[in-house]
Ligand code: GLN
(Lines of atoms letter the chains of each structure in order from A and count residues from 1; the text may use other names and numbers.)
(Lines give C-alpha, C1' and ligand atoms only; values in the text may rest on other atoms or scores of the structure.)
Protein backbone atom coordinates (compact mmCIF):
# COMPACT_ATOMS: atom_id res chain seq x y z
CA UNK A 1 0.00 0.00 0.00
CA UNK A 2 1.27 3.51 -0.71
CA UNK A 3 0.46 7.02 0.35
CA UNK A 4 -3.01 8.28 -0.55
CA UNK A 5 -2.72 11.58 1.22
CA UNK A 6 -1.06 14.61 -0.42
CA UNK A 7 -0.55 16.35 2.91
CA UNK A 8 1.23 13.41 4.42
CA UNK A 9 3.39 13.11 1.32
CA UNK A 10 4.22 16.80 1.66
CA UNK A 11 5.30 16.24 5.28
CA UNK A 12 7.58 13.41 4.18
CA UNK A 13 9.06 15.68 1.49
CA UNK A 14 9.77 18.41 4.06
CA UNK A 15 11.43 15.90 6.36
CA UNK A 16 13.49 14.23 3.60
CA UNK A 17 14.60 17.58 2.17
CA UNK A 18 16.64 18.18 5.31
CA UNK A 19 19.30 15.75 4.12
CA UNK A 20 19.69 17.38 0.67
CA UNK A 21 22.40 19.67 2.05
CA UNK A 22 24.56 16.59 2.75
CA UNK A 23 24.58 15.63 -0.94
CA UNK A 24 26.06 17.14 -4.09
CA UNK A 25 24.55 17.66 -7.55
CA UNK A 26 26.35 15.77 -10.33
CA UNK A 27 28.92 17.94 -12.05
CA UNK A 28 30.86 15.52 -14.27
CA UNK A 29 28.22 16.24 -16.91
CA UNK A 30 28.59 20.05 -16.84
CA UNK A 31 24.93 20.78 -17.68
CA UNK A 32 23.75 18.85 -14.61
CA UNK A 33 25.73 21.11 -12.27
CA UNK A 34 23.08 23.82 -12.75
CA UNK A 35 20.46 21.83 -10.81
CA UNK A 36 18.99 23.24 -7.60
CA UNK A 37 20.32 21.16 -4.71
CA UNK A 38 17.18 21.74 -2.62
CA UNK A 39 14.59 20.47 -5.13
CA UNK A 40 12.51 17.47 -4.13
CA UNK A 41 9.30 16.25 -5.72
CA UNK A 42 7.43 12.97 -5.65
CA UNK A 43 4.49 11.48 -7.52
CA UNK A 44 2.78 8.21 -6.64
CA UNK A 45 0.75 6.72 -9.48
CA UNK A 46 -1.61 4.03 -8.22
CA UNK A 47 -2.62 1.08 -10.40
CA UNK A 48 -6.20 2.35 -10.00
CA UNK A 49 -5.12 5.29 -12.24
CA UNK A 50 -5.14 7.89 -9.47
CA UNK A 51 -2.19 9.94 -8.37
CA UNK A 52 -0.84 11.68 -5.29
CA UNK A 53 2.06 14.07 -5.30
CA UNK A 54 4.09 16.63 -3.39
CA UNK A 55 6.70 19.21 -4.33
CA UNK A 56 7.16 20.79 -7.73
CA UNK A 57 5.99 17.82 -9.83
CA UNK A 58 5.93 19.90 -13.02
CA UNK A 59 9.66 20.38 -12.98
CA UNK A 60 11.34 18.36 -15.70
CA UNK A 61 14.68 16.61 -15.38
CA UNK A 62 16.74 14.29 -17.58
CA UNK A 63 16.42 10.55 -17.08
CA UNK A 64 20.13 9.71 -17.20
CA UNK A 65 20.51 6.11 -15.97
CA UNK A 66 16.77 5.61 -15.59
CA UNK A 67 16.75 5.52 -19.39
CA UNK A 68 18.72 2.27 -19.15
CA UNK A 69 15.64 0.35 -18.00
CA UNK A 70 13.50 1.85 -20.76
CA UNK A 71 16.05 1.18 -23.49
CA UNK A 72 16.43 -2.36 -22.18
CA UNK A 73 12.65 -2.89 -22.24
CA UNK A 74 12.56 -1.63 -25.83
CA UNK A 75 15.44 -3.77 -27.05
CA UNK A 76 14.18 -6.87 -25.20
CA UNK A 77 10.78 -6.36 -26.82
CA UNK A 78 12.32 -6.12 -30.28
CA UNK A 79 15.11 -8.66 -30.10
CA UNK A 80 14.08 -11.05 -27.32
CA UNK A 81 16.15 -11.96 -24.24
CA UNK A 82 18.21 -14.66 -25.96
CA UNK A 83 19.84 -12.26 -28.38
CA UNK A 84 20.18 -9.38 -25.89
CA UNK A 85 21.93 -11.55 -23.30
CA UNK A 86 24.55 -12.56 -25.85
CA UNK A 87 25.82 -9.00 -25.54
CA UNK A 88 25.17 -8.17 -21.88
CA UNK A 89 25.13 -10.27 -18.70
CA UNK A 90 22.72 -10.58 -15.81
CA UNK A 91 24.91 -10.16 -12.73
CA UNK A 92 25.40 -7.24 -10.34
CA UNK A 93 28.92 -5.82 -10.24
CA UNK A 94 29.26 -4.20 -6.81
CA UNK A 95 31.22 -1.47 -8.62
CA UNK A 96 30.26 2.13 -9.42
CA UNK A 97 28.05 2.61 -12.51
CA UNK A 98 30.84 3.98 -14.67
CA UNK A 99 33.50 1.46 -13.66
CA UNK A 100 35.26 -0.40 -16.45
CA UNK A 101 37.30 -2.75 -14.31
CA UNK A 102 35.15 -5.85 -14.81
CA UNK A 103 35.06 -5.40 -18.58
CA UNK A 104 38.56 -6.76 -18.58
CA UNK A 105 38.44 -9.21 -15.67
CA UNK A 106 35.06 -10.85 -16.31
CA UNK A 107 34.94 -13.66 -18.78
CA UNK A 108 33.51 -13.49 -21.42
CA UNK A 109 34.30 -9.80 -21.95
CA UNK A 110 30.68 -8.69 -22.15
CA UNK A 111 29.49 -6.12 -19.58
CA UNK A 112 28.00 -7.74 -16.49
CA UNK A 113 24.54 -6.15 -16.64
CA UNK A 114 22.48 -3.55 -18.55
CA UNK A 115 22.17 -1.13 -15.59
CA UNK A 116 25.85 -0.10 -15.60
CA UNK A 117 27.13 2.26 -18.26
CA UNK A 118 29.03 -0.39 -20.22
CA UNK A 119 25.99 -2.66 -20.39
CA UNK A 120 23.65 0.18 -21.26
CA UNK A 121 25.92 1.30 -24.10
CA UNK A 122 25.82 -2.24 -25.49
CA UNK A 123 22.01 -2.28 -25.21
CA UNK A 124 21.68 1.10 -26.92
CA UNK A 125 23.81 -0.14 -29.80
CA UNK A 126 21.18 -2.87 -30.37
CA UNK A 127 18.31 -0.43 -30.98
CA UNK A 128 17.11 -0.94 -34.53
CA UNK A 129 17.23 1.94 -36.98
CA UNK A 130 18.89 3.00 -40.23
CA UNK A 131 20.53 6.05 -38.64
CA UNK A 132 21.27 7.21 -35.06
CA UNK A 133 18.41 9.70 -35.45
CA UNK A 134 16.11 6.89 -36.43
CA UNK A 135 17.20 4.80 -33.43
CA UNK A 136 16.61 7.72 -31.07
CA UNK A 137 13.24 8.56 -32.60
CA UNK A 138 12.09 4.97 -32.21
CA UNK A 139 13.18 4.89 -28.56
CA UNK A 140 11.51 8.23 -27.83
CA UNK A 141 8.34 6.95 -29.54
CA UNK A 142 8.34 3.97 -27.19
CA UNK A 143 8.89 6.18 -24.12
CA UNK A 144 6.07 8.48 -25.24
CA UNK A 145 3.84 5.43 -25.34
CA UNK A 146 4.96 4.37 -21.85
CA UNK A 147 4.20 7.84 -20.48
CA UNK A 148 1.13 8.27 -22.70
CA UNK A 149 2.57 11.70 -23.47
CA UNK A 150 3.43 12.69 -27.03
CA UNK A 151 5.37 15.76 -25.96
CA UNK A 152 8.30 13.91 -24.40
CA UNK A 153 11.62 14.86 -25.94
CA UNK A 154 15.28 15.21 -24.97
CA UNK A 155 17.34 18.14 -23.69
CA UNK A 156 19.78 19.14 -26.44
CA UNK A 157 22.02 21.07 -24.06
CA UNK A 158 22.47 18.19 -21.60
CA UNK A 159 23.01 15.68 -24.42
CA UNK A 160 25.69 17.88 -26.01
CA UNK A 161 27.29 18.53 -22.64
CA UNK A 162 27.66 14.79 -22.01
CA UNK A 163 28.66 13.94 -25.59
CA UNK A 164 31.54 16.42 -25.44
CA UNK A 165 32.87 15.26 -22.06
CA UNK A 166 32.05 11.55 -21.83
CA UNK A 167 35.47 10.02 -22.44
CA UNK A 168 35.16 7.04 -20.08
CA UNK A 169 31.96 5.90 -21.79
CA UNK A 170 33.71 6.33 -25.14
CA UNK A 171 36.65 4.30 -23.92
CA UNK A 172 34.34 1.50 -22.82
CA UNK A 173 32.61 1.53 -26.21
CA UNK A 174 35.92 1.16 -28.01
CA UNK A 175 36.92 -1.63 -25.65
CA UNK A 176 33.66 -3.44 -26.35
CA UNK A 177 34.02 -2.87 -30.07
CA UNK A 178 37.34 -4.69 -29.91
CA UNK A 179 35.44 -7.72 -28.57
CA UNK A 180 32.51 -7.35 -31.00
CA UNK A 181 30.06 -6.55 -28.18
CA UNK A 182 29.47 -3.23 -29.90
CA UNK A 183 29.40 -3.58 -33.66
CA UNK A 184 28.35 -0.15 -34.82
CA UNK A 185 30.20 3.14 -35.06
CA UNK A 186 31.22 4.26 -31.55
CA UNK A 187 30.51 7.96 -32.10
CA UNK A 188 27.02 7.04 -33.30
CA UNK A 189 26.40 4.85 -30.25
CA UNK A 190 27.58 7.74 -28.06
CA UNK A 191 25.28 10.11 -29.91
CA UNK A 192 22.19 7.96 -29.30
CA UNK A 193 23.22 7.10 -25.72
CA UNK A 194 23.81 10.69 -24.60
CA UNK A 195 20.51 11.81 -26.15
CA UNK A 196 18.73 8.84 -24.58
CA UNK A 197 20.14 9.85 -21.16
CA UNK A 198 18.95 13.43 -21.78
CA UNK A 199 15.30 12.48 -22.36
CA UNK A 200 13.29 14.75 -20.08
CA UNK A 201 10.14 14.32 -18.05
CA UNK A 202 8.65 15.28 -14.69
CA UNK A 203 8.11 13.04 -11.68
CA UNK A 204 4.49 12.46 -12.64
CA UNK A 205 5.43 11.02 -16.04
CA UNK A 206 8.08 8.91 -14.35
CA UNK A 207 5.58 7.55 -11.79
CA UNK A 208 3.19 6.63 -14.59
CA UNK A 209 5.91 4.79 -16.51
CA UNK A 210 6.88 2.98 -13.31
CA UNK A 211 3.25 1.96 -12.92
CA UNK A 212 3.37 0.22 -16.33
CA UNK A 213 6.10 -2.00 -14.84
CA UNK A 214 4.03 -2.48 -11.65
CA UNK A 215 1.20 -3.76 -13.84
CA UNK A 216 3.39 -6.26 -15.72
CA UNK A 217 3.47 -4.10 -18.84
CA UNK A 218 -0.13 -2.86 -18.93
CA UNK A 219 -0.73 0.88 -19.05
CA UNK A 220 -2.73 2.17 -16.04
CA UNK A 221 -4.35 4.93 -18.13
CA UNK A 222 -5.02 3.31 -21.47
CA UNK A 223 -5.24 -0.35 -20.44
CA UNK A 224 -2.98 -1.20 -23.37
CA UNK A 225 -0.38 -3.95 -22.93
CA UNK A 226 2.81 -2.06 -23.87
CA UNK A 227 5.38 -4.56 -22.65
CA UNK A 228 5.11 -8.30 -22.38
CA UNK A 229 4.86 -9.62 -18.85
CA UNK A 230 8.21 -11.30 -19.38
CA UNK A 231 9.99 -8.09 -20.41
CA UNK A 232 8.47 -6.24 -17.43
CA UNK A 233 9.60 -9.06 -15.14
CA UNK A 234 13.18 -9.03 -16.44
CA UNK A 235 13.41 -5.25 -16.09
CA UNK A 236 12.03 -5.27 -12.53
CA UNK A 237 14.47 -8.02 -11.56
CA UNK A 238 17.41 -5.94 -12.84
CA UNK A 239 16.01 -2.96 -10.93
CA UNK A 240 16.16 -5.00 -7.71
CA UNK A 241 19.61 -6.49 -8.27
CA UNK A 242 21.41 -3.55 -9.94
CA UNK A 243 19.04 -0.56 -10.23
CA UNK A 244 20.56 1.55 -7.47
CA UNK A 245 24.15 0.88 -8.60
CA UNK A 246 26.39 -0.47 -5.85
CA UNK A 247 23.80 0.51 -3.23
CA UNK A 248 21.22 -1.96 -4.58
CA UNK A 249 21.57 -4.45 -1.72
CA UNK A 250 21.14 -1.83 0.96
CA UNK A 251 18.21 -0.30 -0.94
CA UNK A 252 16.53 -3.72 -1.22
CA UNK A 253 16.82 -4.18 2.55
CA UNK A 254 15.78 -0.67 3.60
CA UNK A 255 13.09 0.05 1.00
CA UNK A 256 12.44 -3.15 -0.88
CA UNK A 257 10.88 -2.22 -4.22
CA UNK A 258 12.34 -2.52 -7.74
CA UNK A 259 13.86 0.89 -8.50
CA UNK A 260 16.24 2.69 -10.85
CA UNK A 261 18.07 5.93 -10.22
CA UNK A 262 19.89 8.43 -12.41
CA UNK A 263 22.60 11.01 -11.70
CA UNK A 264 20.24 13.88 -12.44
CA UNK A 265 18.56 12.87 -9.16
CA UNK A 266 15.60 10.89 -10.48
CA UNK A 267 14.36 7.64 -8.97
CA UNK A 268 11.73 5.42 -10.57
CA UNK A 269 10.21 2.73 -8.36
CA UNK A 270 7.65 0.06 -9.19
CA UNK A 271 5.70 -1.66 -6.41
CA UNK A 272 4.06 -4.67 -8.09
CA UNK A 273 0.26 -4.41 -8.58
CA UNK A 274 0.22 -1.39 -6.28
CA UNK A 275 1.85 1.82 -7.55
CA UNK A 276 4.64 3.45 -9.51
CA UNK A 277 6.68 6.23 -7.96
CA UNK A 278 8.69 9.04 -9.54
CA UNK A 279 11.05 11.19 -7.49
CA UNK A 280 13.30 14.08 -8.39
CA UNK A 281 15.92 15.34 -5.93
CA UNK A 282 19.22 16.31 -7.57
CA UNK A 283 21.50 16.26 -4.52
CA UNK A 284 23.29 12.90 -4.69
CA UNK A 285 24.97 10.68 -2.12
CA UNK A 286 28.47 9.29 -2.69
CA UNK A 287 27.13 6.43 -4.84
CA UNK A 288 25.25 8.75 -7.16
CA UNK A 289 21.71 8.21 -5.82
CA UNK A 290 19.36 11.04 -4.82
CA UNK A 291 20.10 11.50 -1.12
CA UNK A 292 16.77 13.11 -0.25
CA UNK A 293 14.94 10.75 -2.61
CA UNK A 294 16.26 7.74 -0.74
CA UNK A 295 15.43 9.33 2.60
CA UNK A 296 11.90 9.98 1.34
CA UNK A 297 11.51 6.36 0.23
CA UNK A 298 12.81 5.15 3.59
CA UNK A 299 10.23 7.24 5.42
CA UNK A 300 7.49 6.03 3.10
CA UNK A 301 8.56 2.41 3.21
CA UNK A 302 8.59 2.39 6.98
CA UNK A 303 5.13 3.92 7.21
CA UNK A 304 3.47 1.93 4.43
CA UNK A 305 5.41 -1.34 4.63
CA UNK A 306 6.29 -1.07 0.96
CA UNK A 307 8.87 -3.85 0.82
CA UNK A 308 8.03 -6.73 -1.47
CA UNK A 309 10.27 -9.05 0.52
N1 GLN B 1 24.55 9.66 -18.69
C2 GLN B 1 25.16 9.20 -17.48
C3 GLN B 1 26.47 8.51 -17.78
O4 GLN B 1 26.57 7.77 -18.72
C5 GLN B 1 24.23 8.28 -16.77
C6 GLN B 1 24.82 7.74 -15.49
C7 GLN B 1 23.87 7.68 -14.35
O8 GLN B 1 22.80 8.24 -14.34
N9 GLN B 1 24.31 7.00 -13.34
O10 GLN B 1 27.42 8.68 -17.07
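Positions of Cβ are set from backbone N, Cα and C atoms, glycine also.
No curator has checked TrEMBL annotations; they are predicted automatically.
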Same-site residue for substrate (record: TrEMBL; known: 65, 117, 162, 169, 193, 245; options: 47, 84, 263): 263
Set of same-chain residues at least 6 away whose C-beta sits under 8 angstroms from residue 263 (substrate binding site): 26, 29, 32, 64, 65, 284, 288
Site of maximum Cβ density within 10 Å, from binding-site residues 193, 245: 193
Close-lying binding-site residues around ligand 1 among 169, 193, 245, where CB distance stays under 6 Å: 169
Coarse DSSP state, helix versus strand versus coil, of residue 65 (substrate binding site): coil
Other C-beta atoms that fall within 10 angstroms of the C-beta of residue 162 (substrate binding site): 23
Around the Cβ of residue 117 (substrate binding site), the count of other Cβ atoms that are within 10 Å: 22
Residues 65, 117, 162, 169, 193, 245, 263 binding substrate per the record - widest CA separation, whole Å: 20
